[in-house]
Amino acid sequence: MPAVLPAHHSSASTLVSQADLDILSLLTADVPPISVPTGTAANGARKKANLPRRDTAIDSLLLSAVLAGAGSHTLTRHHFGHGMAPSLTPGAYATCDQSRPSSPARRTQAPPPVKSQQAPRSVRLQAEQAQGANGAPATSPLAESSKTASQAAAATSSSASVSPTTALATSRERLAESSAPTTVSSVSVAKERKRRMSIDPAPISQVLQVASPAHVNYYHGRGLVLNKTAERPQVRCMARTRVPTPHGDIFLHLYHNSTDNKEHLAIVTDPIQLSAEARRNAPKGRREIRSRSLDAVWREGETDMERIVRGAYVGRLHAGEDGQPSAPHTAATYAPDPDAEADILPMVRIHSECFTGETIGSMRCDCGEQLDEAMRRIAEPQRVPTTTTTSTGSSGSQDAQLPTPEASRAPSPGARPSGPLVPGRGVVIYMRQEGRGIGLLEKIRAYNLQDLGHDTVTANLLLGHGADERTYAVSAEILADLGLAGAQAVETSGIRLLTNNPEKVEGLQGEGVRITERVGMVPRDWQCRHSDSPRGAALELDDDEKEYDEWRARQAGVGLLGAATTRGPELEKYLRTKIERMGHMIDIPESE
Ligand SMILES: Nc1nc2c(ncn2[C@@H]2O[C@H](COP(=O)(O)OP(=O)(O)OP(=O)(O)O)[C@@H](O)[C@H]2O)c(=O)[nH]1
């Protein structure tokens, strides 16, 4: 087969080395003649001979081929994420990397290269064969499981009367049997497991399901449409919960609304709700960012358990000693404190959903990074400005103090923050306005137009959409529900909006949100290159600097793929439950 090279690639001969050609010929060589299959199964099917896979001899070469692309854009950070390039950036994306590369300024020597702990494949194959010959048991339960599964498959394939479905079921049963820790039969273990998982305190579950049925959208669900004709959209926080993140614990709020049938989210960073220490460190009189609609009484006679399950509690939940949940039941207060000390204003970002950027790490946009950066900036401790009005208790006409649209295009001059350092607070409103409101399907089609050379705006227009179809009424109502905007705002001094987009500023102002300051967002990659930045003074970063910057970005959790390793006690518990309650086939590490 001829090698496929672009016709215009005139310098191909100078770029392709002998090693590349060797790999190419291995990949394209005819498959060596196959020896005649050794027999037929009882059902008449030809038994597959125990032939080596065509790629077994070259898998290391394939890896080399991937690695040979280092420096070109064909090697992405995701290859590092999968441990495919440990030798290029030692430890950089290795999944167990907890070490912090020293800052280039302090670095004295490069860390040692990461070495594989695994024996070469040929050695492992020999060992496996020897083990098989001795009849010795496989060492890992997984290996044992796969062996038994293949034995089961072999047994079923030799029986002409067994249907494929039965064969699969039998193989699964044997698989389960092989991984059962005791001698109890696999079937009874499976039944016992199922029975245990279905144990649920019936009275509580019945009450909760009636009180807030999860399958019904509050405004759009069956028979529950409320006031759809109202001019302003209505929003209601349906549930809230604490989530640990790389930037500290946040409270995730899920909203229903009367305008669209989407579940928008509010990611609230408010450390005073989580610990007494954070409350002590915060200025006196700081009020919690809480949802009014969630905290309201939803029905006469609602129970503590109902409120706890939907998240309408104050403080932090802990498991009680008797296994029952407990939470402080002090009522949430929204009243302004006349003695409130000067404080920072809540920082807010209105973020639009981007599946590609946030979930699969697309590098067509910086949406994943922006979401992460917004959460980081909101959570980081900040200094209280000393020369602007920051009292949370101040009052006055909102309209009189709205910045003009022109002013909103530039970062507010504000005051140089020189006051005390206080815990950050704020919210990311995560709007399900994928593709700037055109939806994922249309965004994917727009990408194809972009590949033809059109920019993002023209691609939208060619598809018959506006450049940006987002609206901000629902976001404004969510901010109002959280006490950060609207007539009932406790934060009458306004919010600081994290955005570079003037339409967002104007859109929110048009909905009555008071924006006192616009805080710009510089892409992380550009932060390094910015001439004001000490690190960016030299536009060309050397390798050490690049490695250090990449490490910093990963620690911050850039995007999701290729980001820092997820760890923590809650993850441990999650994994354990999968193993212990759901039969996941993975060993808990010995150190545990
Ligand atoms: N139509 C379209 N949408 C895109 C494209 N790339 C990203 N998006 C969407 O653009 C939106 C990103 O918006 P935001 O994160 O709110 O950012 P922004 O409007 O650029 O403004 P900032 O607040 O300054 O970040 C998300 O909904 C993405 O899905 C694209 O190429 N085409």
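Each residue, glycine too, has its Cβ placed from N, Cα and C.
Per TrEMBL, these features apply:
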| type | residues | note |
| --- | --- | --- |
| COMPBIAS | 96-106 | compositional bias 'Polar residues' |
| COMPBIAS | 143-170 | compositional bias 'Low complexity' |
| COMPBIAS | 178-189 | compositional bias 'Low complexity' |
| COMPBIAS | 386-397 | compositional bias 'Low complexity' |
| DOMAIN | 329-380 | domain 'GTP cyclohydrolase II' |
| DOMAIN | 424-519 | domain 'GTP cyclohydrolase II' |
| REGION | 91-194 | region 'Disordered' |
| REGION | 377-424 | region 'Disordered' |
Residues in the domain 'GTP cyclohydrolase II' (329-380) grouped by DSSP into helix, strand and remaining coil: 17 helix, 6 strand, 29 coil
Predicted model, mean pLDDT over the domain 'GTP cyclohydrolase II' (329-380): 85
DSSP residue counts for the domain 'GTP cyclohydrolase II' (424-519), split into helix, strand and coil: 41 helix, 15 strand, 40 coil
